[in-house]
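Student: Before I ask anything, here is the structure I am working with.
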Amino acid sequence: MTKEKKHYICSNCGNTSPKWSGQCFDCGVWGSIIEEKVISNKNIAKIGSKQDFEQLSSNVTDQVRISTPIGELDRVLGGGLVLGSAILIGGDPGIGKSTLLLQLVAGSFASKVKCLYITGEESLDQIKLRALRLDLVNDKTNILAANNLEDIIASLEANKGNIDLVVIDSIQTIATRELTSPPGTVSQIRTCAHELVNYAKQNNIIILLSCHVTKDGQLAGPKLLEHLVDTVLYFEGDHNNHFRILRSYKNRFGGVGEIGVFEMSSSGLIEVTNPSELFLMKREQNVIGTAIFAGIEGSRPLLMEVQALIVPSNMVTPRRSAVGWDVNRLSMILAVLSSRIGLNLANYEVYLSIAGGLKINEPASDLAVAASLISAATNKPLPEHSVFFGEISLSGEIRKTAKAEARIKEALKLGFNNIICSKSENLTHDFISSIAHLKDLKLLLGSS
């Protein structure tokens, strides 16, 4: 016998409470507490059915992957889509998630995989107009406008065996009749996503869930969907910039940290197969305060431009700002430069930016940042065709970094023949300038 209970849940963070309150005690948000019905069962073991165990034998075949016509997507996924997998694609509203998903299911992919595009945000006519604008109109892709979970499951059951891939755009618009809370709340998102993922795994179909992120970059509040799915992808970019980056943050069938680069155009998303060349295109030489960093994103080497600007300040605490880089790490590099080579910027405002709207999390970018700061402070350009990579310790030493050969190969391919890196890399080529300390960098750049 089941017993119906009620509790109160925060629509922002998912925290539950037995009583209503005006403010969530966990996240502090006001007016976010809503009532939710909970069905509990005290005799779960009695109503359950016995399941047979299986042994983890060596007779296991590799997962069959389905290659898509979007090579950058395949790179991020680890080689293609896996049957029975659940994939979550998050990103800001309007960043291009729907465009990417429509290009996937309505392109040449639809001729070999039976696809269903379910929209909860747009009407069918809007989807058709967007497909017409992107030149994706075909008679192979099925589309459905639905907001109710039960209707979606019933439609999938009625077409069982005729669907290989399902797109839900977006999960925030789907609701179940079992809950009284409105669509988009934590309980609705969690319940609907759980049911859809379970259905996909039981029927060995691929499901892609589109999900908006909140202001602080979280998926539907407390990232409550990430543990439900096999793969989590984030679509990153700036609305004022035409570059888009698809990055993997979780992948049970491939590597984490892989990126795919796209360019947004009037005809949709265009793959960028050589992002280093694109990000450095039409770049002027001998620009003061700029340095090229040879980075690694996942398994892909990528050259990025680091820009620094230093201006005098009358403020007691001059401003330090960083776009695309950790501002706390910038403060650390400034402290090391001041302590180890006497570059005191205490009375200057410091601004750092990564060109192209990219974000760098690698410690190996320390050396490029330091070089750009020295160039901006001394008002001298860096040597032409130079590339930097290396981690800087608090003592000012330049540490060894991973995948140095791949970084150097990418730099040489694009015409950069002056590689400045750590001496501990043990590389003796003529085009490599090995340094052990920031003092060596200062001498190499000819700063006084």
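Positions of Cβ are set from backbone N, Cα and C atoms, glycine also.
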Student: Looking at the ranges 10-27, 172-189, 226-243, which is given as zinc finger in Swiss-Prot?
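Tutor: Matching range for zinc finger: 10-27.
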Student: Motif 'RadA KNRFG motif' per Swiss-Prot: which of the ranges 90-94, 250-254 is that?
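Tutor: It is 250-254 that Swiss-Prot describes as motif 'RadA KNRFG motif'.
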Student: Reported in the order helix, strand, coil, what are the DSSP residue counts of the region 'Lon-protease-like' (349-448)?
Tutor: 40 helix, 24 strand, 36 coil
Student: Please report the DSSP secondary structure of PRO93 (ATP binding site), reduced to three states.
Tutor: coil
Student: Take the mean position of the Cβ atoms of GLY91, ASP92, PRO93, GLY94, ILE95, GLY96, LYS97, SER98, the recorded ATP site. Which other residues of that chain put their Cβ within 8 Å of it?
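Tutor: My list of surrounding residues reads HIS212, PHE235.
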Student: When DSSP states are grouped into helix, strand and coil, how many residues of the motif 'RadA KNRFG motif' (250-254) land in each?
Tutor: 0 helix, 2 strand, 3 coil
Student: Would you mind splitting the zinc finger (10-27) into helix, strand and coil residue counts from DSSP?
Tutor: 0 helix, 4 strand, 14 coil
